[in-house]
Amino acid sequence: MKRIGVFTSGGDAPGMNACVRAVVRTALYHGVEVYGIMRGYSGMIKGEIVRLDTTSVANIVQRGGTILKSARSQRFQTKEGRQAAFDQLVNHKIEGLVAIGGNGTFTGAELFEREFGIPTVGAPGTIDNDLFGTDYTIGYDTAVNTALEAIDKIRDTADSHDRAFFVEVMGRDSGYIAIPCAIGGGAEIVLVPETQQSLESVIEQLQIGRKRQKSSFLVVVAEGEEEGNATHIATQVKEAIPELDVRVTVVGHIQRGGAPSAADRLLASQIGIAAVEGLINGMRSVMAGIVDRKLVYTPFHDCITRKKPINQSFMRMMEILST
Ligand code: F6P
């Protein structure tokens with residue numbers, strides 16, 4: 001393999017730049033040319049493709065966001081869009097790809113490989129940590145720390161004003177961000193899509209706390225929670241317990257930005273090297289990940305279709321510590 005392309009796609013995540021840097025430098029180390037594809041599949045279709053050298057990725061290991069920019073492409077979901085992307089890769093003589101992203105990115109890459117035979121190795125880049133085939137995704141650790149910092153601040157004001165705060169954190173279909181935030185932030189309740197906790201039981205738990213003279217409460221809600229978003233849940237709680245002074249905070253996109261943590265920079269670097277070396281060694285349609293501290297390559301199909309279970313011992317910790 002003489003020339004590869006690298007791109008970032010889907011929601012950005014802190015550490016994506018560190019991964020791009022590792023991909024570029026590993027390719028060059030092995031004598032392979034490397035091209036950056038801007039704005040994910042969208043830039044691939046339009047031919048926004050630039051040669052990268054070792055200095056192109058200097059001074060980015062510590063930066064949040066992605067120098068390659070990111071996008072979610074509707075057009076790549078059509079055969080016509082994928083054909084246009086393939087034509088651009090052929091024009092640029094790109095023989096293999098490293099895709100840094102999440103579920104949607106790998107769904108596209110798997111289909112693309114099947115239709116056009118372009119080998120792709122994935123690097124898990126998403127704050128959600130919802131990918132099967134790796135214990136942690138690039139950006140997750142930073143996002144949890146960012147959300148936790150916000151929660152600590154909310155706790156101060158909740159305590160001063162004797163209020164109940166419903167704090168919504170990201171995680172489209174998963175509670176991976178919410179659970180460590182709830183444990184680390186000393187929350188009374190965590191609501192995540194993986195477990196079913198009824199509104200009635202939330203109200204009951206808050207009532208029990210009130211009887212025990214607790215004056216402030218923290219409820220961490222994952223945005224994908226089935227009972228609804230934090231505002232919806234808080235409104236219903238207020239109707240049931242009118243005396244409770246309720247507030248809602250949506251932590252939002254600050255969870256996606258900022259300098260990556262040490263753990264994310266290390267993970268991104270390790271995975272970036274593994275992705276390129278996997279590609280050079282003939283791997284295709286797999287994601288490089290770390291499971292039980294070991295490097296593993298998992299087929300895209302499994303990463304996309306298999307649900308990564310939440311850590312049940314964390315739920316038990318919540319149960320014990322939130323009383
Ligand atoms: O997948 C990462 C993520 O931040 C999710 O947690 C969230 O649901 C989604 O992206 C938000 O996407 P957008 O930036 O397009 O609003």
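From the backbone N, Cα and C atoms, a Cβ is placed for every residue, glycine too.
Automatic prediction, not curation, is the source of TrEMBL annotations.
Taken verbatim from TrEMBL:
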ACT_SITE  ASP128  active site, proton acceptor
BINDING   GLY11, ARG72, SER73, GLY102, ASN103, GLY104, THR105  ATP binding site
BINDING   ARG21, ALA22, VAL23, VAL24, ARG25, ARG155, GLY186, ALA187, GLU188, ARG212, LYS214, SER215, SER216  ADP binding site
BINDING   ASN103  Mg(2+) binding site
BINDING   THR126, ILE127, ASP128, ARG163, MET170, GLY171, ARG172, GLU223, ARG247, HIS253, ILE254, GLN255, ARG256  substrate binding site
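Here the candidates are the binding-site residues THR126, GLY186, GLU188, SER216. The one whose C-alpha lies nearest to that of ASN103 (ATP binding site) is THR126. DSSP assigns ARG25 (ADP binding site) to a helix. Ligand 1 lies within reach of GLY11, ASP128, MET170, ARG172 from the recorded positions GLY11, THR105, ASP128, MET170, ARG172, LYS214, judged by a C-beta closer than 6 angstroms to any of its atoms. The two recorded residues, GLY186 (ADP binding site) and ASP128 (active site, proton acceptor), have Cα atoms 21 Å apart. Taking a C-beta cut-off of under 8 Å and a sequence gap of six or more, SER216 (ADP binding site) has these contacts in its own chain: ARG155, ALA158, ASP159, HIS161, ASP162, ARG163, ALA164, PHE165. A simple Cβ count within 10 Å picks out one of the binding-site residues ARG21, ARG25, ARG72 as the most packed, and that one is ARG21. Comparing GLU188 (ADP binding site) with ARG247 (substrate binding site), their Cα atoms are 15 Å apart once rounded. Sorting the binding-site residues GLY11, GLY102, GLY104, GLY186 by the number of other Cβ atoms within 10 Å puts GLY102 first. Fewest other C-beta atoms within 10 Å: among the recorded positions ASP128, GLU188, that description fits GLU188. Here the C-alpha separation of THR126 (substrate binding site) and ARG25 (ADP binding site) works out to 22 Å.
In sequence order, SER9, GLY10, GLY40, GLY101, THR107, GLY108, THR126 are the same-chain residues whose CB sits within 8 A of the CB centroid of GLY11, ARG72, SER73, GLY102, ASN103, GLY104, THR105, the residues recorded for ATP being left out. In this structure the residues listed as binding ATP are GLY11, ARG72, SER73, GLY102, ASN103, GLY104, THR105; their two most distant Cα atoms lie 13 Å apart.
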